[in-house]
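The structure under discussion appears below in the form of structure tokens.
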């Protein structure tokens, strides 16, 4: 074996031996009192921050002494109520609410567009569709698919109704919507429609069931629900919400919603401290527009449906495009109750974290203050064998400007 290789092998062996022997060493902290005002201020300031964090945030704000449950069982029942005069007709919830009785999603129709007497046949494609305009039949390939098309092309180029230009002929429900649509005025009286939202929430871990419906003392619930409207302070347990109130809380213009429609989220949050009586567990409501609405061609909320009938022996239909408000009911809930185990864990964590203060100050002392390495010599001692004589303990005081003790011959200027 060459001398260089032998040196490397021996070096590795010595390193492993030293590491193995050092692994079984026991380290114990040594107490020193450092008479240094800036270091003492830092130590107490860090202690104050750590203690404040655990008392205010961990225990008071986050309630770390409680056992919590964040996935409760919830059910939602919704119903839209109200009557509106629309032209010569009177509309009820059967005509404008879809579905009439919903769960966590329900919508109210605010404006409709009708295309009457559509039948299966051929008609010219609308000129706004890509590649719909033509001059000859060769411009219209039969059966050519198009995402925006209203039907299937026949391969003919025909005149667009009474206009001088031509478009490709399609086989579809004719006449097409863009050509024959009839628009109704918006249902502005819908601003006073009432949305009934009943929410039941169950925390199985704590066996607590709460409902967002509760009548005042001395009044029957059924009678109370017929006349109340939700108010955060005066009627927090009334589940009746006006559509106008919901739009206002979501910072939306109701007239604009009638024109384009929109999706609004109704967020019900249950934050329950079960160390108190369950009657203190009350829901809070927030409202927010969920769909994008700025400068988008498909912004808002609408859907299409048709009413089919037989006219002169031919199947016909009336196509209806309905704009409205869709309400998505989203429930969040959490509950907490005092428990010994999380209290012990949080308390031990807090006491342990106070030790960070000593680590930080030791690092500052040994890195920035210990210029002559006097502190490090006093702080770190190595005992290689068990003593035979009794060791007299010494509690040292080190001053910022020096010491008269025999253990420190010269002062350590800072």
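Placed from the backbone N, Cα and C atoms, the Cβ positions cover glycine too.
Look at TrEMBL and you will find 41-59 tagged as transmembrane segment.
Annotation source TrEMBL lists disulfide bond at 123-174 (among others). For residue 123 (disulfide bond), the number of other Cβ atoms no farther than 10 Å from its own Cβ, over all displayed protein chains, is 23.
According to TrEMBL, the disulfide bond annotation covers 134-157 (among others).
Residue environment of residue 140 (disulfide bond) contains 24 other Cβ atoms, counted within 10 Å of its Cβ in all protein chains. The disulfide bond feature in TrEMBL is assigned to 140-168 (among others).
The N-linked glycosylation site annotation in TrEMBL covers 192.
Within 10 Å of the C-beta of residue 194 (ATP binding site) there are 17 other C-beta atoms, taking all protein chains into account. Summarising the annotation, TrEMBL assigns ATP binding site to 194, 321.
Other Cβ atoms within 10 Å of the Cβ of residue 238 (disulfide bond), summed over all protein chains shown, number 20. The disulfide bond annotation in TrEMBL covers 228-238 (among others).
Listed in sequence order, 208, 210, 270, 272, 273, 274, 335 are the same-chain residues six or more apart from residue 281 (disulfide bond) with CB atoms under 8 A from its CB. According to TrEMBL, the feature disulfide bond maps to 272-281 (among others).
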Please name which of the recorded positions listed here, 123, 157, 194, 321, is nearest in space to residue 228 (disulfide bond), Cα against Cα.
194
Taking Cα atoms as reference points, which of the recorded positions 140, 174, 321 is nearest to residue 192 (N-linked glycosylation site)?
321
For the disulfide-bonded residues listed here (157, 168, 174, 228, 272), tell me which residue's CB has the most neighbouring CB atoms inside 10 Å.
168
Quick one: pull the CA-CA distance for residue 168 (disulfide bond) versus residue 157 (disulfide bond), whole Å only.
5
Using C-alpha atoms, which one of the recorded positions 123, 174, 194 comes nearest to residue 140 (disulfide bond)?
123
Using Cα coordinates, what distance in whole Å links residue 238 (disulfide bond) and residue 194 (ATP binding site)?
12
Relative to the Cα of residue 157 (disulfide bond), which of the recorded positions 123, 174, 194, 321 has the closest Cα?
123
